[in-house]
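This report refers to the structure that appears directly beneath it.
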């Protein structure tokens, strides 16, 4: 008990939280430096992605485990999706690999969050952002998770591990939302990765003037799709922020009402004590 009250034994949860948010970016930067400067790491990654051209069962499993590891380490998974789609020669292979990696990684994150809830809940409960999500999932579990995944601004620490911490989020709702949002986003990422490959081929090869129209049409389609996605994300982020602000405001009002009620009850108790004292005199 003395150790728990001793300030030297207290853990700064905010520092841990911000470190976990920055950790994926630090890890990505470290990997990029290793790939750029260490030839052995370059050969390892080249061999992994070279397996996409002549995919085998072992190669598919290796790439799937790589994707699962990126999700568990909270690294930007879009990099993996684009790289697989860009390297593979077909559409089916990257869709299968990315879908399997995403499902295994996110489900594993959910269950890890459940098992480590005693630690993660203490880490996250101090933040109004997470407290608002916890209360929102009580009223709107599906809509809240949908907005979180569609917005793209929610840290994976909260989106995957954090959902496992919450008792208000069931595994069923987590799976449904992950499937509804995850599979279409995989198809979109694979399509974008393929378009990058197609545009590179057009620029690298000597095309006739007649094919310039095809290039402009493809670039136009990609720009239109990108603008549409940006508008959708803007709407989702706006709606998500609005809902969170409303929940935080409701929470503040509830706390204020509790404080007022406590003050009134204290005043009533003092009044009754004064009345009893006067009657005794």
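In case you wondered, yes, glycine gets a Cβ from its N, Cα and C as well.
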(request) Identify the transmembrane segment range according to TrEMBL, selecting from 214-237, 238-261. (result) 214-237
(request) Among 91-112, 113-134, indicate the range for which TrEMBL gives the feature transmembrane segment. (result) 91-112
(request) With TrEMBL as the source, identify the stretch among 175-193, 194-212 annotated transmembrane segment. (result) 175-193
(request) Count the residues of the domain 'VTT' (90-194) that DSSP assigns to helix (H, G, I), to strand (E, B) and to coil, and report the three numbers in that order. (result) 89 helix, 0 strand, 16 coil
(message) I need to check the long-range neighbours of the transmembrane segment (61-85): which residues 6 or more away from its ends have a CB within less than 8 Å of a CB in the stretch?
(response) 20, 23-24, 27-28, 48-49, 51-52, 93-94, 97-98, 100-102, 104-106, 108-109, 112, 155-157, 160, 186, 189-194, 196-197
